[in-house]
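According to Swiss-Prot, the protein carries these features:
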REGION    33-102  region 'Disordered'
COMPBIAS  53-73  compositional bias 'Acidic residues'
CROSSLNK  Lys89  SUMO2 cross-link
REGION    125-152  region 'Disordered'
REGION    165-228  region 'Disordered'
CROSSLNK  Lys339  SUMO2 cross-link
CROSSLNK  Lys342  SUMO2 cross-link
MOD_RES   Ser407  phosphoserine
CROSSLNK  Lys413  SUMO2 cross-link
CROSSLNK  Lys418  SUMO2 cross-link
CROSSLNK  Lys436  SUMO2 cross-link
COILED    463-479  coiled coil
CROSSLNK  Lys473  SUMO2 cross-link
REGION    499-716  region 'TRIAD supradomain'
BINDING   Cys503, Cys506, Cys525, Cys528  Zn(2+) 1 binding site
ZN_FING   503-552  zinc finger
ZN_FING   571-636  zinc finger
BINDING   Cys593, Cys596, Cys611, Cys616  Zn(2+) 2 binding site
CROSSLNK  Lys607  SUMO2 cross-link
BINDING   Cys621, Cys624, His631, Cys636  Zn(2+) 3 binding site
CROSSLNK  Lys646  SUMO2 cross-link
CROSSLNK  Lys654  SUMO2 cross-link
BINDING   Cys663, Cys666, Cys681, Cys683  Zn(2+) 4 binding site
ZN_FING   663-691  zinc finger
ACT_SITE  Cys676  active site
BINDING   Cys688, Cys691, His704, Cys712  Zn(2+) 5 binding site
COILED    725-751  coiled coil
CROSSLNK  Lys753  SUMO2 cross-link
CROSSLNK  Lys761  SUMO2 cross-link
Amino acid sequence: MAEGNNKEEVIHLNNFPCHRGKEWMAVREGPITISDSSDEEGIPMLVTPATEQQEDDLDDDVILTEDDSEDEYGGFLDLESGKKEGEAKPGPSSKQTADDIVNPRLEQKVIILGENGLLFPESEPLEVQNQSSEDSETELLSNPGEPAASVDDQLIGEEYWLDHPYFQAPNPQPQERTNQVVPQERHSESEMGPMFFRHDFPEPAFPRPEPQQEGIPGPASPQPAHPLGELEDQQLAIDEDPGPAFPLSGPQEANLANMWEQEAAEVDQDLIPLLVKETEARFPDVASGYVEEIIHLKNYYDLNVLCNFLLENPDYPKREDRLIIHPSSSLLASQDDAKLPKIDFFDYSKLTPLDQRCFIQAADLLMADFKMLSSQDIKWALHELKGHYAITRKAFSDAIKKWQELSPETSGKRKKRKEMNQYSFIDFKFEQGNIKIEKRMFFLENKRRHCRYYDHQALLPAVKQEQEFYEQKIKEMAEHEDFLLALQMNEEQYQKDGQLIECRCCYGEFPFEELTQCADAHLFCKECLIRYAQEAVFGSGKSELSCMEGSCTCSFPTSELEKVLPQTILYKYYERKAEEEVAAAYADELVRCPSCSFPALLDSDVKRFSCPNPRCRKETCRKCQGLWKEHNGLTCEELAEKDDIKYRTSIEEKMTAARIRKCHKCGTGLIKSEGCNRMSCRCGAQMCYLCRVSINGYDHFCQHPRSPGAPCQECSRCSLWTDPTEDDEKLIEEIQKEAEEEQKRKNGENTFKRIGPPLEKPAEKVQRVEALPRPVPQNLHPQMPPYAFVHPPFPLPPVRPVFNNFPINMGPVPAPYVPPLPNVRVNYDFGHMHVPLEHNLPMHFGPQPRHRF
């Protein structure tokens, strides 16, 4: 048989030219080796003659081993389709019976060949006795006239070689299976009891039934053949009345159910912890051990079934520490937690000093990267930057790049590489926050010859991580620079060709790649869209980003917004949009937790609000927003009056809320800083700031002319223009007076306590202080006092000053006063000792008066 071919060899005895009783007996003493090729020597197969049966000595049996395949079994081997089913068939041979006893796990097939070579299939079900292997061996060996021991040995050897994978077929064909009959003494079922064989190797927990063909009974599933050594510890399972695999009844069905439960329990040992973990992640408040108990009691091995059971029975036992959240809960997951951010090794404030080993490796790597720098300078910079490789290399790279840009050329021609010499230097500079490191570092005369190199696997984990981080960041920075250069070249090409496109908002000219568009293809630059979205989302609180073209009613597609807007603006836009959509659909049912502002939907008739936020889980009253455990059995007013401090706090909260107007449509709080009293919410609703009613336009306000601040004499409508501070103060005073009057009525005048902030004492009047005298500079030399002002005895005609007719007694007109310099202690504003002039006269006073000597 060729190597690699696992097909079984079938021996047809009718093909021998001579009678089976002549030449066969002559050569039965020696083994026969059957091989497909003379060049290849396979495993020898011993062919021994079967023991002759007493009923019919003309028919022999050929024993074929069954294939291990579980998908194809129970087939029918049809050697001749024209054979009738009603013909008589001989019984099994004693050789077959002996082999069944020796090898109970081996499922064999018996094909009975007649003299004409036709197959006689068995049509009647045969009874199989529940007999142990020892009894069968004893009975077989006690039969006189037959060499039982030799037959058994030959049978064992034959089946062992046939079970070898060398003789197994690659594509086994479906074959017919028959039960073997051992002519032995029948025992009662009560004595032996039904026994079922169980494999040692793992099998499916729920075996599928075997289809029956041609009404031939057989076992429920095929039993693979094994060597005899593996079968010594196995039990022999023989059914007394073989029948179809399904259905079973009586004790057989009970034993089979027990076997299934036992195997299913083994499989579910790993499934139960997983089910408990996933269920507790979805129901974090369930009591510990309750889920596992439900799984065992109700046999719920499906996550959906467990969740439905807990949802349908909300009164399940809850854990006492309800605020403790399961760490794997999906409610705690977010986009930031999904992927932990990596350490930014370029941020000096987040770095911690490394140990000496990392410092040495980082210094060796830097000395190999910068061979023209001194090792002392490299170690100094590395020490100043806490021994981190990435940030130190970036600082050196920036300094070298700046030196390459600013260093002068030695000649007029541009060189590809600058020459370095001992007089060259770089200015190492690192600035980040309050940290500033500077040092001038000179280049070496020659490059460093000896450097220590490290294999990537030999680096310490911290140094390896920083090296990978630096390479990744440098790659990203290079790609970004290339992208910016490409955009610049693209814009220059657009400008050269005159193909720049105008923005419909700022009317600037941009290339097409820097523009975005609305659904109607109106083009806008990205900067205009970013500013428009930022103002709409953060300023107006709107989520509707309509087109900025005046006549267009379209909006910007979400794909365009995701490409243009930054992440912060985009997330806020989605948040606003979700809030408006939920508020529009469930305006009356949307409730927010007073502690964490977590939104949830609650029926209008439900008063208790349980916060679904796993970090909060507080139960509060929907109306007064007080804790439900203190509110149970009391109304909101009774709860407020029960505690004086809480009552006062509630009144003060009302006074604080008086400054805030809430939209009647979406409940958004509004505060007026300036403008008219017509308030517009982001949801589109309009309300009056004074009376807080819903309005539409300006018809609600007074339309008559009147003086500012004076009431209208013709109508009682609200004023369009008022001071918001005065309106809020009036409303707060009204709430305060009502609360104080109610407190006096209940507790009396003696126990009255003021509600609200204490009264502010009027500011004390400060006596008016006259203007301080003009400070006189303290000169080094004392200034001589001016002469007394004396009027001349008679008027003199005015003399126009000319360059050569100045009067002798008249000095130059002084310049205006200049304050002294802050850093100069001496003002040098000295008066002339021999020219008595009045320095304090204003400039428009005219010429100085004359003095008599």
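Each residue, glycine too, has its Cβ placed from N, Cα and C.
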*Hey, how far is His631 (Zn(2+) 3 binding site) from Lys607 (SUMO2 cross-link), Cα to Cα, in Å?*
11
*What other residues of the same chain, not counting Cys503, Cys506, Cys525, Cys528, have a CB atom within 8 A of the CB centroid of the Zn(2+) 1 site?*
Arg504, Cys505, Tyr507, Gly508, Phe510, Phe524, Lys526, Glu527, Leu529
*Could you name the residues, excluding Cys621, Cys624, His631, Cys636, of the same chain that surround the Zn(2+) 3 site, i.e. Cβ within 8 Å of the Cβ centre of those residues, in sequence order?*
Lys607, Thr620, Arg622, Lys623, Gln625, Gly626, Trp628, Leu634, Thr635, Leu639
*asked:* Using the Cβ center of Cys663, Cys666, Cys681, Cys683 as the Zn(2+) 4 site position, which other residues in that chain lie within 8 Å, going by their Cβ?
replied: Ala583, His664, Lys665, Gly667, Thr668, Arg682, Gly684, Ala685
*Fewest other Cβ atoms within 10 Å: which of the recorded positions Cys593, Cys636, Cys663, Cys676 wins that one? Let me know.*
Cys676
*Please compare the binding-site residues Cys596, Cys683 by how many other CB atoms fall within 10 Å of each one's CB, and tell me which has the fewest.*
Cys596
*Starting from the Cβ centroid of Cys593, Cys596, Cys611, Cys616, which together make up the recorded Zn(2+) 2 site, report each further residue of the same chain whose Cβ lies within 8 Å of that point, ordered by sequence.*
Pro594, Ser595, Ser597, Phe598, Pro612, Asn613, Arg615, Arg617, Lys618
*To the nearest whole angstrom, state the Cα distance for the pair His704 (Zn(2+) 5 binding site) and Cys676 (active site).*
16
*How many Å separate the Cα atoms of Lys342 (SUMO2 cross-link) and Cys616 (Zn(2+) 2 binding site)?*
29
_binding-site residues: Cys528, Cys621, Cys688, Cys691, Cys712 - member with fewest neighbouring CB atoms within 10 Å_ = Cys691
*Hey, of Cys593, Cys663, Cys688, Cys691, which of those binding-site residues are within 10 Å of Cys525 (Zn(2+) 1 binding site), Cα to Cα?*
none
*What number of additional C-beta atoms lies within 10 angstroms of the C-beta atom of Cys506 (Zn(2+) 1 binding site)?*
14
*asked:* For Cys525 (Zn(2+) 1 binding site), which of the three DSSP-derived states applies: helix, strand, or coil?
replied: strand
*What number of additional C-beta atoms lies within 10 angstroms of the C-beta atom of Lys607 (SUMO2 cross-link)?*
15
*Summarise the zinc finger (571-636) by DSSP state, stating how many residues are helix, strand and coil.*
20 helix, 13 strand, 33 coil
*List only the single closest residue to Cys611 (Zn(2+) 2 binding site), chosen from the recorded positions Lys473, Cys506, Cys683, Cys712 by CA-CA distance.*
Cys683
